[in-house]
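Asker: My questions will all concern the structure given below.
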């Protein structure tokens, strides 16, 4: 008997669980907006050097702007880039070259005859195309040319905040509770995220994004734990997968909001201000009764269990479930909780160490491949808002496949297969010519879909592998590697200058390694959540011993069969001799 039995007694997955999971999942619509926001707030608009007094210069040449196309006029001021097909983004001619506007001067001639003309950097700043974006942090603070790496740095800083939040909030929620830290995370995200829109400088923007990233980790980690710790064993797979659809749909919500606003400050407010509403209704949540009991607050846990029973229309269980019944069900866990647990416990024992090391690799590679594909949408040459919607849409069938696999094949096979298939898509893209853009985009979408399905599985899998006494610390510890992966993913794109296929080789290679390692994790399908480290060790150490015993038994049986076959052959030979 354990806490899972109490959950079944008070209604299993009843009305309370439906309301609880729904309210916890709704903020997921905007969690995608936080992680992928940089695609739009830091979008790179088309740009070229500003030409001061261009109208007066043209007039001095007795030329009306109506006589020549504006883009054609720029050829007199802006040289072509190395490809010879586009205007340079970082240089301009020192003196206007009107001869380039003559109809008999071709682009090739331009490159051949005028490559030696004197140029200079953009002394008067840049002019930005406002077709795709009205305003971004790039155009706000001129993060182009020599400052172009600052765009990626802003995303790396944000992911650094997510990393710090995973470390800090993971440990704090095991100490102070899931609900308290979740409420605080909502408030921090709403306040600092909204304040980011009023940043007077790029440095202030980066600091606020870092703090917002910390809050995002607090929301994600505590949401996962509050869900799994109030859900019966048989419902965890369905709830975990369906909850992830909120994040998937949120990607398309982000595209719609970004397209309608096109201004980074307005977009920042639009995706952060709703968390004030989530903060207000989050006081309705019930703290994890498991966590309360294990922290010697059984009286509070009993009140929450009675509340769940009443909401699930099981009022008779309020009288039946007493403090003695609760502590009897969780006697073993209560005894274990008297020991103080630290992050060292994640690697102190054999099975916990194997789980932690494997999960670290899987978390890193899943995030590394995911953000390698999802954080540079402009490289696909498709409208950025459209590609964001496509990236969201392909997640739906992939996650439905993952749901079926999680339900019937188990977590281990699903996790490993998703990573290996995503690696296959990434590797396949290496061999597709760059001019076949539609095929390259399709393969990238499929690769991203399966890494997204891998994310769905790993959140559920990690919550089921770690015991209640240290679940949040474990979630924070292993998901830390995901944040390292998301920080490393943009940096790998720099290697594209050395060898175009190198980033894809690295992303795909990491997914292959993680996919193989995932098969070394224990299976948790239809297994009750462990509450103590001893539960984990007994459950899966015995599983390993049973497997070894079975293997030895089969080996002995095989040897006996062979021995019997040899003896039988001997008898037959003897009979034949007679």
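The backbone N, Cα and C atoms fix where each Cβ goes, glycine too.
Sequence annotations record features per position, and here TrEMBL assigns domain 'Major facilitator superfamily (MFS) profile' to 99-526. Among the features that TrEMBL reports, transmembrane segment is placed at 156-173, 180-201, 207-226, 238-261, 267-286, 355-373, 385-409, 416-433, 501-521.
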Asker: Is the transmembrane segment (238-261) in contact with the transmembrane segment (156-173), using three or more Cβ pairs under 8 angstroms as the rule and ignoring pairs under 6 apart in sequence?
Answerer: no
Asker: Can the transmembrane segment (180-201) be said to touch the transmembrane segment (416-433) if we require at least 3 CB pairs below 8 Å and skip pairs under 6 apart in sequence?
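Answerer: Counting Cβ pairs under 8 Å, fewer than 3, so no.
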Asker: Who are the chain neighbours of the transmembrane segment (355-373) in space, where the CB to CB distance is under 8 Å and they lie at least 6 residues beyond its ends?
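Answerer: Same-chain residues near the transmembrane segment (355-373) but 6 or more away: 159, 346-347, 415, 419, 422-423, 426, 444, 447-448, 451-452, 454-455, 458, 461-462, 465-466, 474, 477-486, 488-490, 492-493, 503, 507-508, 510-511, 513-515, 517-518, 520-522, 536, 540.
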Asker: State the residues, same chain only, that lie 6 or more residues beyond the ends of the transmembrane segment (238-261) and have a CB under 8 A from a CB inside it; answer 'none' if no residue qualifies.
Answerer: 13, 17, 21, 24-26, 28-33, 36-37, 40, 227-228, 231, 267, 270-271, 385-386, 388-389, 391-393, 395-396, 399, 402-403, 406-407, 452, 455-456, 459-460, 463
Asker: Looking only at the domain 'Major facilitator superfamily (MFS) profile' (99-526), report the model's average pLDDT.
Answerer: 82
Asker: Which residues, given as numbers and ranges, are at least 6 beyond the ends of the transmembrane segment (267-286) yet have a Cβ under 8 Å from it?
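Answerer: Residues 16, 20, 23-24, 26-27, 30, 33-34, 37, 40-41, 179, 182-183, 186-187, 189-190, 193-194, 196-197, 212, 226, 230, 254, 257-258, 261, 304, 307-308.
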